[in-house]
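*Asks:* Below is a structure I'd like to ask you about.
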């Protein structure tokens with residue numbers, strides 16, 4: 001086990017310093033390289049004491065718990081009734097991979113190829129798919145207790161390699177009856193069965209994989225993926241409870257910033273220490289924190305750094321800009337009194353919860369389930385006014401371009417999005433689960449529910465993340481600019497209206513009562529739906545773009561080798577480098593970025 005003490009780290013020198021476990025695991029494959037992982041949270045490796053991490057069916061239960069969740073909040077959103085929104089992020093070894101909802105999906109081919117079109121050679125679908133086999137091992141389903149055949153679940157290409165990576169992905173042991181009915185209902189409504197959701201074409205509906213172990217039936221994530229191999233290496237050191245505050249610089253003979261190490265707060269002693277770097281400092285603090293660390297180190301927008309009293313060492317306008325996020329909203333419906341299938345509502349009862357903990361130890365029960373129902377589709381599938389909405393957005397964008405309202409590079413992104421729409425971009429997504437996940441009305445005791453969630457994948461609104469002060473312990477100002485572009489709100493409204501059509505279609509309607517928990521029968525007009533959305537929406541926890549991989553003159557923060565502009569040896573390897581949002585849950589993409597980054601750093605990657 002590579003967990004080390006502060007005495008083994010303070011003042012010591014390592015080849016690479018990072019927070020990313022997947023990247024660190026790959027870099028430590030070279031026995032001649034020393035790698036230090038600094039994790040601000042705790043280890044949480046004793047799985048018996050952390051069932052909120054390990055049990056697949058407990059997704060979402062860590063939210064708001066400070067042991068696992070940073071619990072960030074946005075600033076009041078001007079275009080969303082000045083509401084603030086919780087932005088949870090994982091605090092602990094493995095980061096958010098230890099607290100996400102375990103949904104494992106891939107983006108469509110064109111989403112990734114768009115990164116290359118924006119000026120990043122080698123960041124394309126072919127390389128994405130190649131690195132998949134290094135990241136994961138896929139185990140197909142061998143049998144099912146549902147009414148569907150095994151073939152309905154095994155959506156991995158028959159002739160595609162299953163991979164040999166350390167992260168296990170599979171189907172949850174249990175798929176609930178009402179989830180099967182939801183899938184069949186979508187097919188009845190004209191949704192297509194997705195042809196190749198893990199091979200570049202996720203259009204349609206399918207049963208998604210989860211990052212769960214096929215025999216242990218527990219969450220697999222960055223920490224568990226490292227335990228059997230990387231954690232046995234003597235050249236990998238991991239210090240937990242160590243929050244990086246600033247990147248240290250050496251006296252450079254030229255204009256480029258050269259990192260010499262990092263300063264960090266060791267929480268157990270409440271003292272600051274330094275760790276030194278021989279080769280590189282690699283930021284993997286995520287889209288919310290990586291920009292702040294750069295700014296506190298003097299790398300960022302001159303206007304912001306000067307206002308905070310931070311010496312400008314590398315003026316870089318792209319730091320903290322181009323924020324893009326998925327939004328979701330849950331619509332919840334009550335199941336009929338005579339519905340006998342299980343739902344997550346059982347877990348609201350302490351007796352039932354205890355029984356299912358026991359069942360889980362036997363490989364049974366509700367904790368063995370996961371989120372599997374997925375449907376990705378263009379807006380025009382559900383909205384008759386989709387073309388009018390995009391035409392209006394196109395007019396607005398071209399007017400804004402003419403008036404010079406956009407920073408460098410953003411107009412090019414918008415043009416790609418508009419062109420992509422003409423080719424049926426998967427701008428919308430439905431996910432569903434057996435239970436209540438919506439607001440504001442709470443579930444009633446003894447009742448069972450089904451929730452259909454609408455996601456927005458390619459929002460036009462762009463936001464920012466910047467330091468709020470020069471104090472590293474003050475959370476940054478997170479401003480996603482929700483609904484600054486009205487098309488985002490209108491697409492959301494259309495999703496809610498279509499969900500109400502889904503629940504009136506067989507076979508799902510056959511098991512639902514007439515009770516709509518949320519939004520509720522009193523929410524009917526577009527204006528009422530919009531108001532309800534703004535009060536009850538959630539982040540998708542898929543923030544990207546705040547250190548975009550773009551040419552510097554297009555407001556990029558890192559180049560195609562993930563190196564921060566104006567620095568010699570600082571890279572960023574996390575979702576903040578994604579220049580254009582994807583139609584997928586982002587955790588799989590984060591792993592693939594780490595795999596490709598490792599090859600780049602080791603000099604083995606050829607675009």
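Just so it is clear, glycine is given a Cβ too, placed from its N, Cα and C backbone atoms.
So TrEMBL lists the following for this protein:
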type	residues	note
DOMAIN	90-113	domain 'Glucose-methanol-choline oxidoreductase N-terminal'
BINDING	96, 100, 101, 102, 103, 244, 541, 542	FAD binding site
DOMAIN	286-300	domain 'Glucose-methanol-choline oxidoreductase N-terminal'
ACT_SITE	542	active site, proton donor
ACT_SITE	585	active site, proton acceptor
*Asks:* Give the number of CB atoms, excluding that of residue 542 (FAD binding site) itself, located within 10 Å of its CB.
*Replies:* 25
*Asks:* What whole-number value in Å do you get for the largest C-alpha pair distance within 96, 100, 101, 102, 103, 244, 541, 542, the residues recorded as binding FAD?
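*Replies:* Roughly 29 Å, rounded to the nearest whole number.
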*Asks:* When you measure from the Cβ of residue 103 (FAD binding site), how many other Cβ atoms are you left with inside 10 Å?
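*Replies:* I get 20 for this one.
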*Asks:* Round to a whole number and give the Cα-to-Cα distance in Å for the pair the residue listed as 'active site, proton acceptor' and residue 100 (FAD binding site).
*Replies:* 10
*Asks:* With an 8 Å cut-off on Cβ-Cβ distance and a minimum sequence separation of at least 6, pull the same-chain contacts of residue 102 (FAD binding site), or say none.
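*Replies:* Looking at Cβ-Cβ distances below 8 Å from residue 102 (FAD binding site), excluding near sequence neighbours, one finds 56, 59, 210, 211, 212, 219, 370, 371.
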*Asks:* By DSSP, how many residues in the domain 'Glucose-methanol-choline oxidoreductase N-terminal' (90-113) are helix, how many strand, and how many coil?
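*Replies:* Going through the domain 'Glucose-methanol-choline oxidoreductase N-terminal' (90-113) residue by residue, I get 9 helix, 3 strand, 12 coil.
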*Asks:* At a 10 Å cut-off from the C-beta of residue 244 (FAD binding site), count the other C-beta atoms across all protein chains.
*Replies:* 24
*Asks:* Among the binding-site residues listed here, 101, 541, which has the most company in the form of other Cβ atoms within 10 Å of its Cβ?
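*Replies:* Comparing the binding-site residues 101, 541, the most crowded Cβ belongs to 541.
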*Asks:* If you draw a 10 Å sphere around the Cβ of residue 96 (FAD binding site), how many other Cβ atoms fall inside it, taking every protein chain shown into account?
*Replies:* 26
*Asks:* Restricting to the chain of residue 100 (FAD binding site) and a gap of 6 or more, list residues whose Cβ falls under 8 Å of its Cβ, or answer none.
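*Replies:* Result: 59, 90, 541, 585, 587.
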